[in-house]
Amino acid sequence: MSLLWNVGVAALLAVLWTASEAVRRLYFHPLAHIPGPRLAALTWWYEFYFDVIRPGQYVFKIQELHIRYGPIIRITPDEVHVNDVGFLDTIYAPSMIRRDKYGYQLRSLRVPGGLGTTTDHDLHKVRRESLTPFFSKKNIQYMEGLITDKVDQLKQLISTHVARDTPVNLSDVFFAFSNDVVNNFLFAHRTDVLASEPKAATLRQNSKELLMGININKHFPQIPDFLESLPMSISRPVMPPGLIDLLTLFDRVREEIFMIKKDKESSVAHKKNIGPTGKASVFDSLVDNPNLPASEKTLLRLQQEGALLVLAGTESPAQTLNIIFYHLLANPALLEKLRRELRAVPVPSSWTQLEQLPYLSAVIEEGNRLSFGVTARSARIAHEPLTYTPSAYVSSTCPPSTRSKSYIIPAGTPVCTTTLSAHTADTVFPDPFVFDPERWLGDAGKERRRFQMAFNKGGRRCLGIELARAELYHVVAALVREFDMALFETDADDVAFMYDYQVAMPKMGSKGTMLPIPSTRVAKQFFTHLPYYLQLRASKILISSLFVWLLIFYYCRVTLWRDPHSAYFQDRHVYELDYSLHREREAWHFISQHNSGIDPPDYVKSGSTPSVCIAMVTVRRDSDHYFEASVGSLLEGLDERERQALYLSILFTDTDPRVHPSWDQKWVGRLVDSADTYNVTEGQLQHLQDLEKAKNFYEKGVFDYIYALRACQEVNAPYTIIFEDDIILATGWFSKTLKALSDISQRNQQPRNPWIYLRLFYTETSLGWSDSDMAYRNMPLIFGLLMLSTFSSLSMLRHTRFQWLHLDTLSIVVISMICVPAFTALVYMAGKYNVMPLHGVVEMNQYGCCTQGLVFPRENVDGLIEFLSARGHGQTDSMIEEYADQNQLTRYALAPPQLQHVGLKSSRNNLDINTQSTWAFWFETNDPAKLRREHATLLEDDDVERMLNV
């Protein structure tokens, strides 16, 4: 019983953790806002399915997902893929910008000590700098004879086949060629795989099988770990031949390094170790490098470095040569055009001479493009948040509605663009799967080169790019010039990219058959027993709960769609004006009455001792004008006592106020208490004109705000309100504000920090779930406690005398582990503001936004003016928050907001902005009749009457 209980508890805890983690990944993960399939966001098993079950297909599945979800998608719980070559330089940034690699993607290669598998940016820089001189173009030109010798051997091999009238397997000989070149370039020992075609075929097949195991290694690294932990006598018989070849390479590297160190210890002169290739080994250079720490010169590290350099230096050039020669031989016109160009250069030709040939260069670029280089995802991790905005290069296959929305990618997120995405971008490469060297010619071709990803980009670009290019130029030029070749039993599928095993692989060919997963039998058994399953009480509970859950979800979708952080949020309707339009019509009617030249109505202005001074700063706008509606909604509906209790000052902040359309309007003099422009010295006015002309609105905006605050200080009212001129105020706003100020004054009778402002406007965008909320911070614990308590309660009810409460174990598990988390998730999905709306006066020391309407107590305004004057430049709202933080001043907000921001342009810089970013989501739900009733009631409130009589 004890064992069963322990197993049950362990299983329960596992289920609890799994459920809570699933909810976190889907709804509360930093990447939850990134589009993509839910399964990919939920689990890595989604990637596993397309990597292993449908082997090597995830890179193609990602392309399909972009067609549905747009240019940016979440492809695993932690990783983002961008199908937009305009974003390549941000992801694959230059070396001066920190970009780490994603260790999860590199572990399958089993060589963490290699340059290409180094995750840390700084360590990669150290390792690369130690190798860069050896792989420089200058050094490769110096070693060019090594390449041309191998090209001569390759020509001799093909000539032998021509003499014998036998076909040659170009894939095998190209593999042997590139393997020999990279080995002889790196090491002092000499290899000659090209001398034996059977050996070349075996090594290529072994390498292929090794690469085909990479995807499994990525998801289950424990398998190769286990094999490597066994004694060699046991593990070697079960190892893949490719892994044995890799271990053999390790042995060769170890032997060379051992000899290098031995020679250095025994030699007084410490001469460079010159091998039979006539050059120094790369490891001789590394061991001799004084800039490398001892940890970088260990045997294991250097073994892994050498192995990775050989693997990369073999596969990439061989793959590109296969692509180039297939397409040249399949398109005789392209082949003939290249031959004509090659006749213009001497034989033999140097690499430098061949590089000057535009069509040869175009052929090689196109071969690199369709070889796709390293096809596996190569994500970068930025140390700063990245902002992705779709560029003009977004694929035309992405839905139009997704090509304009920007996304913030949090710091620390692996972000990538596969070479398949980059090289088949139809906005850059029309007909992307057609071999067309012409696309690389001319200025357009030069522009396209910045989207070439065959050798990666940025600070992590392939170290051996110049060596690979030298090989490609020499082989293509030599074979095209000297041989008439034709395809033999080869079609497009023999070179097409069909599987992603770190590099592009074509069809499996005749060397094996892929066995399907026997899923049909499982499905048949399930459907055979389906009637039985449906009769289970647990199934009935699950189906009933699902039906109720869907009803609740639909109800929430219909009623709780205004919270911007809700899963039910509907942005198509939430920004529609409703109450604001009603209020705007009332405001315009009020203004037009008092702007009439014929018998305008009498209007009471401020009394001798106003309770509040209101300053509204206004400026001429190039397009829409909101000022009249702002003032009209401010004044319309006030009774005489309210109007006498406020002093309304309008500041026209154009240096020439006559350009403002309301400057000389009659209603201004009839309704406001003072309408002024700048009363400053000529020097100050000239400075303001210079700021206005230079559009330096950060400095001018701060000056205007200070000017408005000082104007109200002179009125000597206990409170100052600063409004912007693109707002609509609700009916009864003033009485509610006075009631709130009375509430604050009563609170401040108790010991507490002084306050700086009462906010009349805020946006719920900043009020979503956060770590400061106990319910969110402890969400996994809450889910766990609810499931555990439900499980325990239902289990105990089985021992009561009420038979209908006796549930079987499976039903209890369904209720506690599935139903309870599902219904609890509905609460979190509703969004924080739907669950916990704000009412009355609340402290808002964080997440307050913007300066549309702020009420300041007179006693703290002078300190704020002094602070703003000292700064003189910046965002006013940010500086007010900074002042409050420095002086530990409390900030309040009146909920719900009493005004709406309706401006489409910033009053500070007249630039286009998105109104939706500064929006009170519930303001439009106001009921005009209800607001009038509340207004009438408040006017009889004792606290409001006392404030009116201050």
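Cβ atoms are placed via backbone N, Cα and C, with glycine included.
TrEMBL labels come from automatic prediction, so no person has curated them.
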From the ranges 38-56, 532-550, 779-797, pick the one that TrEMBL records as transmembrane segment.
779-797
Quickly jot the same-chain residues contacting the transmembrane segment (809-830) by Cβ under 8 Å, restricted to those at least six beyond its ends, or write none.
12, 15-16, 19-20, 23, 27-28, 536-538, 541-542, 545, 549, 552-553, 556, 560, 563, 566-568, 769, 776, 779, 782-783, 786-788, 790-791, 794-795
Which secondary structure state does DSSP assign to C462 (heme binding site), in the simple three-class scheme?
coil
Same-chain Cβ contacts of the transmembrane segment (779-797) under 8 Å, 6 or more residues past its ends?
12, 15-17, 19-21, 23-24, 28, 805-807, 812-813, 815-817, 820-821, 824, 828
Under 8 Å by Cβ from C462 (heme binding site), same chain, sequence gap 6 or more:
G116, A312, S316, G373, F455, N456, A468
